[in-house]
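K.L.:
Sharing the features that TrEMBL gives for it:
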DOMAIN    45-193  domain 'Pseudouridine synthase RsuA/RluA-like'
ACT_SITE  ASP87  active site
Amino acid sequence: RVQATYRLAVGDEVRIPPIRIAEPVRSAPAPAGKPLPVVYEDDALMVIDKPAGKAVHGGSGVSYGVIEQLRAQRPELRMLELAHRLDRETSGLLIVAKKRSALTVLHDMMRESRMEKRYLALVAGRWSNPLQHVKAPLHKYLTAEGERRVRVSEEGKPSHSIVRLVKRWADYSLVEVELRSGRTHQIRVHLTHLGFPLCGDDKYGDFALNKRLEGEGLKRMFLHAAKLSFAHPLSGERLSFEAKLPAELQDFVDRLDAEQKGSQGKRNG
């Protein structure tokens with residue numbers, strides 16, 4: 001060892017200690033998992049039937065979402081991008097673009113309300129109007145815990161939902177909600193604002209009711225993206241898709257039907 005001020009001279013031998021380099025850490029590939037059900041696919045896009053409980057993309061404590069899983073399952077595809085989003089607990093139809101040109105057109109369609117999206121939702125209460133337009137403006141905010149929330153506010157962005165009554169029971173109603181705008185949590189907030197909270201909604205719903213419903217078999221939010229209709233982004237051909245209620249939601253509807261039939265039988269008897 002020499003002092004830092006020493007200057008090398010001819011004939012000096014220099015020893016360089018071994019250099020330790022950390023082994024490169026490779027991030028684990030997204031697990032392929034169970035293949036996602038594909039409703040439609042061509043060269044420009046695919047439509048999948050997303051199961052409830054799966055986020056559309058990773059982030060916020062979620063390592064892998066739908067898009068990461070698709071990329072792992074279809075490595076031969078150069079591009080796969082979400083055309084829109086669904087909440088983690090919402091099931092149903094989701095569009096994934098396979099070409100940048102298709103993605104751009106799909107985004108334009110949604111921004112200009114040229115895509116028809118309809119959802120099935122079970123709400124608490126007896127919905128009376130066969131058809132109702134809801135135009136309450138929606139405003140995003142953060143809770144004290146830093147969670148994203150949405151509320152009806154005059155300071156919010158214009159929002160438009162069209163609600164149609166599908167079926168009604170003693171304490172619940174099945175409605176179809178058509179989105180004319182695509183605000184975050186729009187259906188959930190609009191329905192709660194009108195006094196008809198979405199069954200199983202852990203952010204805006206009736207928490208006591210949710211706990212009771214869980215004991216009766218409904219263990220998730222009852223919101224399902226059931227119908228999609230739009231012009232193909234490249235060919236212009238009209239495409240329409242429909243996804244049936246998942247078994248766990250259909251089973252709960254069947255249970256409500258059976259209970260109503262049983263109560264009617266008792267009254268008639």
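Glycine too: its Cβ is placed from the backbone N, Cα and C atoms.
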K.L.:
Can you tell me how many other Cβ atoms are located within 10 Å of the Cβ belonging to the residue listed as 'active site'?
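P.N.:
A count of 18.
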K.L.:
Note the mean pLDDT of the domain 'Pseudouridine synthase RsuA/RluA-like' (45-193), expressed as a whole number.
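P.N.:
The predicted confidence over the domain 'Pseudouridine synthase RsuA/RluA-like' (45-193), as a mean pLDDT, is 95.
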K.L.:
Within the domain 'Pseudouridine synthase RsuA/RluA-like' (45-193), how many residues are helix, strand or coil going by DSSP?
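P.N.:
Taking each residue of the domain 'Pseudouridine synthase RsuA/RluA-like' (45-193) in turn, the totals are 28 helix, 57 strand, 64 coil.
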